[in-house]
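Undergrad: Take this structure, written in structure tokens, and hold onto it; I'll ask about it next.
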Amino acid sequence: MSSKRAKAKTTKKRPQRATSNVFAMFDQSQIQEFKEAFNMIDQNRDGFIDKEDLHDMLASLGKNPTDEYLEGMMSEAPGPINFTMFLTMFGEKLNGTDPEDVIRNAFACFDEEASGFIHEDHLRELLTTMGDRFTDEEVDEMYREAPIDKKGNFNYVEFTRILKHGAKDKDD
């Protein structure tokens, strides 16, 4: 009996506590949102995000990512990407980053050419069909003062600057 207790005590010392620190970085609602995002990306529902999951997710958004692009994304992780690793990676990215960078990088996820622009129709589709969905009225409100050129390209770099620092006066 005492040998079983000794084994139990040794077993208790083995679990790594690093994962619990990751979960402590976020409140429950944030963790739930990350879980929803993870599940949206984990297309084959195997509990891991792999290159095929990323490809399928981007293809569902109308993108045709190259293997090189996908490999670059996968190389961000030191190993298989389960939910804990996903949360850890976001924790590292969000820890100490400027909110302006976070907002700009969120838009950049959908800018495959890294041009700083997303076509307004495509952005509307994304905002009204993914995550915390916007209504068409909310998108219209956002577009009222948004930097959109004559070709319908939404300048998310400038928009992020406006969100953070305010709009420039039109009289200047």
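Glycine residues also receive a Cβ, built from the backbone N, Cα and C atoms like all the rest.
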Undergrad: Check Swiss-Prot for me: it has Asp42, Asn44, Asp46 binding Ca(2+), so pick out which one of Asp27, Asp53 it puts in that same site.
TA: Asp53
Undergrad: Out of Ser20, Ser60, which residue gets the phosphoserine annotation in Swiss-Prot?
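TA: Per Swiss-Prot, the residue annotated as phosphoserine is Ser20.
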Undergrad: Based on what Swiss-Prot says, identify which of Thr19, Thr84, Thr160 is the phosphothreonine one.
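TA: The phosphothreonine feature in Swiss-Prot corresponds to Thr19.
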Undergrad: If you average pLDDT over the domain 'EF-hand 1' (29-64), what do you get?
TA: 90
Undergrad: If you take the centroid of the Cβ atoms of Asp42, Asn44, Asp46, Asp53, the listed Ca(2+) site, which other residues of that chain have their Cβ within 8 Å of it?
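TA: Everything else in range on the chain: Ile41, Gln43, Arg45, Gly47, Phe48, Ile49, Asp50, Glu52.
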Undergrad: Can you work out which residues elsewhere in the same chain, 6+ from the ends of the domain 'EF-hand 3' (134-169), have a Cβ less than 8 Å from its Cβ atoms?
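TA: 99-100, 103-104, 107-108, 111, 116-121, 123-124, 127-128.
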